[in-house]
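Report on the following structure.
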Amino acid sequence: MTTFYTVVSWLVILGYWVLIAGVTLRILMKRRAVPSAMAWLLIIYILPMVGIIAYLSVGELHLGKRRAERARAMWPSTAKWLNDLKACKHIFAQENSSVASSLFKLCERRQGIAGVKGNQLQLLTDSDDVMQALIRDIQLARHNIEMVFYIWQPGGMADQVAESLMAAARRGIHCRLMLDSAGSVAFFRSPWAAMMRNAGIEVVEALKVNLMRVFLRRMDLRQHRKMVMIDNYIAYTGSMNMVDPRFFKQDAGVGQWVDLMARMEGPVATAMGIVYSCDWEIETGKRILPPPPDVNIMPFEQASGHTIHTIASGPGFPEDLIHQALLTATYAAREYLIMTTPYFVPSDDLLHAICTAAQRGVDVSIILPRKNDSLLVGWASRAFFSELLAAGVKIYQFEGGLLHTKSVLVDGELSLVGTVNLDMRSLWLNFEITLVIDDTGFGADLAAVQDDYISRSRLLDARLWVKRPLWQRITERLFYFFSPLL
């Protein structure tokens, strides 16, 4: 019997080390950033079983077999649609400003189409204004409405949007609604999902959370886009989820969420429509390619129209393009660079680009919320402050609530607005969208919004920062080491 237990013990020990060696080899063979690989290896060797389970669950980008097959299957039709769209030469911009030229060339070469011109844009900074404008557009819709949100939280004006959407479906408008399973869990547990389906709305629960399939697909891969398209002509996107800030996370102790949305009219709605159609097909298997822009309803094809490139991440879209876009925009800055984000855990490349911009004389400002709803990200963000301050970057801590806006402004002319946080999840993992806008008028509007944020912020004093307690420094460094995994 003793021999039996000895053999079993040795087999368990052997299996244990074979498993660790196998996972280690897999991490080393994967093409990933060195800090990320080192962080995973540290977890696995300090807490082997916890680390192995965590890595197999969320360490690799598993979309799931069915979705991966759909992503491959949709590409031929999507490629044909893009080629057909190129025939609409009147919607594409031929020239860009000097500060935007490199970024627009990057987007065109990687995505296959140029930026679209002739768009009208309106920045909306108040949640009531956003929802009232959205309700008005829904009421005037004539053909179709498509929506996707990470979070839909019932309550307040969000319920009024839901009522208007159901009314549109009842009068024959084709309505589609896609919501992230994890982010919108409160919605799917409420009566609203059934009510909408009964009204004729196609409601899809994207990337369903299923613990039984935790090793087959990443559960933390989330649909983070926020988009609305109406009649293939009107579009919305930005940082705002479908929530009323007066009812959302009131017990988090961070104040009301502060967001930014862009309302657009023009061919950009078609560019955003193909993003939505790809997401819809991956999730449902149904193909809903949008029609080309209607030249008869494009009154803004003049020099006054804004030129926009739409960048999306996720299956079917160029890998790493959003990260490349941020790097290109940062290196293009000559006068000033203002970044606004709720979560700041940059890649080494992006951190280096930001610091280098400041060191070559660019006036660089980063606006972050002073209070954050994510304890882990909040501490990890602080770990980068010393290097940023030493390079001459100004860090503003917003005190008027949880600043949730995601925006970048370069030299008053090149703007990036969308759903992308400056953290690893947005840069490498989630389904995101950002607009790249080449226009001084829009840049002035965004600058006014950012100036308002700065007026409600406190500038971080580098002299006081270096005097913070030792325990804070230790905590920051601990979270910094694991920041590639956040």
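Just so you know, glycine gets a Cβ as well, placed from its N, Cα and C.
Listed in Swiss-Prot:
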type: TRANSMEM; residues: 3-23; note: transmembrane segment
type: TRANSMEM; residues: 38-58; note: transmembrane segment
type: DOMAIN; residues: 219-246; note: domain 'PLD phosphodiesterase 1'
type: ACT_SITE; residues: H224; note: active site
type: ACT_SITE; residues: K226; note: active site
type: ACT_SITE; residues: D231; note: active site
type: DOMAIN; residues: 399-426; note: domain 'PLD phosphodiesterase 2'
type: ACT_SITE; residues: H404; note: active site
type: ACT_SITE; residues: K406; note: active site
type: ACT_SITE; residues: D411; note: active site
Starting from the Cβ of H404 (active site), draw a 10 Å sphere and report how many other Cβ atoms land inside it.
24
For each of the active-site residues (D231, D411), count the other CB atoms lying within 10 A of its CB, then report the residue with the highest count.
D411
Summarise the model's confidence over the domain 'PLD phosphodiesterase 2' (399-426) as a mean pLDDT value.
94
When you measure from the Cβ of K226 (active site), how many other Cβ atoms are you left with inside 10 Å?
23
State the non-local partners of the domain 'PLD phosphodiesterase 2' (399-426) in its own chain: residues 6+ outside its ends, Cβ under 8 Å from one of its Cβ atoms.
36, 97, 99-100, 103, 150, 220, 222, 224-226, 237-240, 245, 252, 254-260, 262, 311, 322, 325-326, 329-330, 332-347, 350, 367-373, 377, 432-440, 442-444, 446-447, 449-450, 453, 456-458, 483-486
Show which residues of the chain containing K406 (active site), separated from it by at least 6 in sequence, have their CB under 8 Å from its CB.
G238, S239, L260, T340, T341, P342, V417, G418, T419, V420, N421, L422, S426, T434
So how many other Cβ atoms are close to H224 (active site), meaning within 10 Å of its Cβ?
25
In angstrom units, rounded to an integer, how far apart are the Cα atoms of H224 (active site) and H404 (active site)?
13
Please work out the helix, strand and coil residue numbers for the domain 'PLD phosphodiesterase 2' (399-426) from the DSSP assignment.
3 helix, 12 strand, 13 coil
Secondary-structure category, per DSSP, in which D231 (active site) falls:
coil
